[in-house]
């Protein structure tokens, strides 16, 4: 249906309607703009979330990357970052394809609408002006007709008056009235002609106005409105297509997350736990039966420590190896004869090299280059990894050397391309680097061979938690010792027990200050709080302290992130306990610091 024929008299309503249409376009543009801002903010928040949980560049995160579920989570974060990028694409496309286009179209729409209604108002003013002219002509014709009628009546009255005299005055008045009536009739006739002309003109203009001019203007307005509606339809479709276009990539991101989740292998992660924490030690063997009844049958001289060799020669009597009294509190150690102590001390010095203490390592001391602070299996893996790393560096240097050698040959054959002597300094430097790296490899290979040689075999099981095996000089621990400690932190041994002497020459006794210095030279740390033991801890390793469940202790050093808390029982007894085994109550000033 055409607006021009059906709505010829609805100029004002069409003006309001088209203005509302423009306002609707502005409202829809604002809606799309807000949606674009939401997509931008959402993408930003998703990117920040992905960045927040990205692994940091430290050794702990590198260790975690060994597990399949950690790698799957990292893949999920990367896919989520790509997912955020697709929402940024949505925002960019909404801006370029809808918001910018509608903003430009709105200006064109307003200009076109203004032009059409300007033409409509001009046509309206013209027809109104023509109507006013017609009305004025009509009123003038009416007035002239009335004046002519009055003049005619006055003339007829004078002509019919029987009392009229033939005087000149009367004659002049009579002739004047007749002329006035004739003039009025002429004026009325002219007004009639003018009125008829104006009426014809108005009818023609009115017909043209309502059947040609206004329909054309309204038709243009109708076309403009239909184009506006069609433009809104296209924008709404684009609004949906912008989302639909990124769905394949979003689906790939989600598929990547699904594949990452499906790549998790619980068995492999469980195996990796073994590889990460395996110490290389054998579990303790059976505890041998100790026949104390034999000691009752021996004489006093037979129980002497000086007759150790004689007792070993007796069949059926097994000697029990004693634990070396690694003690700090001299008042709590059992009384010993000097000779056996010297024997054990010298045996320990000859068989077990001095290692970095747990306490010194926890205080931030440098990690030894040969990784001697680690258990055998972990040390072996670290050394092997270092050798592989050095081998890769050597291969890189050799590749560079080969490339430079070929370049030098080219220069020799073609002197115009370069000076062969210019390559020599770099070749010399690379040769020195290779020699240095090879010496490093030899050094680490020596340590690796030592570790593999010292690794305990399956048949060599023994009770490490109860006996100090002096003949096994290759056991390496990350806590300085794997021997049993007494609850007060010192190694104990039973009275009248015999020592199993190693069948090798015993070195000359040396001073024991080398071992005591690791403990006695340390500064006395102040108390920063208290703790309560939640579980019993035996404290087998050097640097640790045994605690009983429910025991109250003083805290002198907080957990530094390694899972150990340093505590003190009294003035002479202190050591490390697992943080998860105790409940710590720090003082207020300690928390503030």
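A Cβ is built for glycine as well, from the same backbone N, Cα and C atoms used for every other residue.
Which of 280-299, 300-319, 320-339, 340-359 counts as region 'Disordered' depends on TrEMBL, and there it is 300-319. From the options 238-258, 259-279, 364-384, the stretch TrEMBL describes as region 'Disordered' is 364-384. When DSSP labels each residue, the domain 'SH3' (526-587) comes out as 3 helix, 29 strand, 30 coil, counted as helix, strand and coil in that order. When DSSP labels each residue, the domain 'REM-1' (373-450) comes out as 72 helix, 0 strand, 6 coil, counted as helix, strand and coil in that order.
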